[in-house]
Amino acid sequence: MAIRIFAILFSIFSLATFAHAQEGTLERSDWRKFFSEFQAKGTIVVADERQADRAMLVFDPVRSKKRYSPASTFKIPHTLFALDAGAVRDEFQIFRWDGVNRGFAGHNQDQDLRSAMRNSTVWVYELFAKEIGDDKARRYLKKIDYGNADPSTSNGDYWIEGSLAISAQEQIAFLRKLYRNELPFRVEHQRLVKDLMIVEAGRNWILRAKTGWEGRMGWWVGWVEWPTGSVFFALNIDTPNRMDDLFKREAIVRAILRSIEALPPNPAVNSDAAR
């Protein structure tokens, strides 16, 4: 609860210090060492708003513009859709587990929004998708200009196995709008989603993020809030070794963020979500 109250106050302060400025792009080919350390192939985009020039830092600019399935990073906008459509009332509503064993203990239990986000509980979001419907989902996607805005699918969930796709650059654009409460949804819903995204918090910083994985590639997207400005990030990597590669997402991002002092060198003093 203390973290949540601090997060709200800190966000208000951070937003108050935000000022628009011209932004350039700087290729960071030297970041290859972080990917090489973990034998990973991928891209990362970092938008550092602490700096006066507000540079967009990119490793592998070509890949950063290539669209991939958002996988569970889509839970960020999907939660907004569900709240707006009335598929869920608030973070306290309980979704009863149907008793089907889904191979992961975190999924085999009753859920609320917080646990569904933390555990990436797909079945809860499948309920939302059914309630929202394809036509309304398409309208929402176009309304927020999310990737290719295509929720079509021949089999499975459209955000994992369907046509929906988004690039790392586009993830950054979406996250920035959410951070500033500029998406076409109620401000209280945007604030709730940001609260659900909290991973860690220190004395003067907050890390909000979401993982994603569709089998062949994985994401970690989010931002770190500081009093001097926020640092947004979107990474995707190939995962040829499947689950054995998943730890690399956060490991690479954390190493890069620490290298630019966007995360402290030591582990966070508080953790609100196991990833």
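FYI, residue positions are counted from 1 along the chain as it appears here.
Including glycine, each Cβ sits where the backbone N, Cα and C put it.
The DSSP secondary structure for Ser72 (active site, acyl-ester intermediate) is helix. Swiss-Prot lists Ser72 with the feature active site, acyl-ester intermediate, giving sequence analysis as the kind of evidence.
Within the same chain, the residues at least 6 positions away from Lys210 (substrate binding site) whose Cβ sits under 8 Å from its Cβ are Ser72, Thr73, Lys75, Ile76, Met117, Met197, Trp219, Trp220, Val221, Gly222, listed in sequence order. The DSSP secondary structure for Lys210 (substrate binding site) is strand. The annotation substrate binding site is assigned in Swiss-Prot to Lys210, Thr211, Gly212.
Cβ contacts within 10 Å of Lys75 (N6-carboxylysine), excluding its own Cβ and spanning all protein chains shown: 27. Summarising the annotation, Swiss-Prot assigns N6-carboxylysine to Lys75 and lists experimental evidence as the type of evidence.
Per Swiss-Prot, signal peptide is recorded for 1-21.
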(message) I need the most crowded of these recorded positions: Ser72, Thr211. Count other C-beta atoms within 10 angstroms of each C-beta and give me the top one.
(response) Ser72
(request) Would you mind listing, in sequence order, the residues at least six apart from Gly212 (substrate binding site) in the same chain with a Cβ closer than 8 Å to its Cβ? (result) Pro70, Ala71, Ser72, Thr73, Phe74, Gly218, Trp219, Trp220, Val221
(message) Residues other than Lys210, Thr211, Gly212 within 8 Å, Cβ to Cβ centroid, of the substrate site?
(response) Ala71, Ser72, Thr73, Lys75, Ser120, Ala209, Trp213, Gly218, Trp219, Trp220, Val221
